[in-house]
Amino acid sequence: LRDRILDAVGTGAAALSLVGSSFIVLCYLLFRELRKFSFKLVFYLAVSDMFCSLFTILGDPSNAFYCFAHDYSAHFFCVASFLWTTTIAFTLHRTVVKHKTDVEEFGSIFHLYVWGTSLATTVLRSIGSEYGPGSWCWIQQGSMAKVLHLITFYLPLWVAILYNGFTYYEVNRMLNNATRMAAGISDRSNQSDIRADRKAFNRWGYYPLILIGSWAFATINRLYDFTNPGHKIFWLSFLDVGFAGLMGLFNSIAYGLNSSVRRAISERIDTFPERIKRSLPTLSRLRSQENELTSL
């Protein structure tokens, strides 16, 4: 019964993430005005989340093939997801702190870094893995397999969290110093630019917390399983599969549902017949909201 509950929770959370990330992918494909470099990174993040959620849903412990597809494909795209957040953090840091405008030149490097690292960690994780009927696809037998899981997934995950946290700390410190300097010399134009950067940062600064919130319980659960094999805590497993499965939804809300997207939707709605627009009064007012996703 507990396994069925955990399976239902994981599938339900992954389904919500699949819907959220698919919505961001659809918006990017439909609205040309969103295809700036900064939102391209959000698009690739959403694609990774979409496939991570999809393969999580496809997992079937009773079938070796679907177990294989679940474990390796979900691992590949989930790793890619949190690696894309580091490219967004790098872009923000290079633009706001270093005042560089060459971030688009890093596009190819970002792809090589994200997809290459994801593939390498997936191949390494395959060492010592055994598949067959069982309760959960992603629980591997033997200490070697568990160590490899920690090294190939949770180690890069927490390195990404620390990097993102350090990056946003640097951006926050720079904006605080610039604010004090602008206030000291009463430079109104500079204050206006800093306020714009601050507004963008206030939204983007929550992103390291998304990774922590999504994977903290999973990390604790894996460490507990490593030190106490065969002893599971139901409530910890419940929080593990629930919050980890919702990562795509959290990312789609934080990264994707900004007023650039809302404005693009409202502009498309303006082309609808009047009788349809009257049935969507809330969405028709979205154009008046200020753009939060600044062009990097």
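Numbers here mean position along the shown chain, with the first residue as 1.
Quick reminder: no glycine exception, Cβ is built from N, Cα and C everywhere.
According to TrEMBL, the feature domain 'G-protein coupled receptors family 2 profile 2' maps to 6-259. Positions annotated as transmembrane segment by TrEMBL: 12-31, 41-59, 74-97, 109-127, 147-166, 204-221, 233-257.
Residues 75, 78-79, 82-83, 85-86, 89, 117, 121-122, 124-125, 127-128, 138, 140, 207-208, 211-212, 215, 218-219, 222-223, 226 of the same chain, all 6+ positions outside the transmembrane segment (147-166), place their C-beta atoms under 8 angstroms from a C-beta of that stretch.
Counting same-chain residues at least six beyond the ends of the transmembrane segment (12-31), those with a Cβ under 8 angstroms from any Cβ of the stretch are 39-40, 42-43, 46-47, 49-50, 52-54, 56-57, 241-253, 255-257, 261, 264-265, 268. Comparing 41-59, 74-97, 109-127 for CB pairs under 8 angstroms to the transmembrane segment (233-257), the maximum falls on 41-59.
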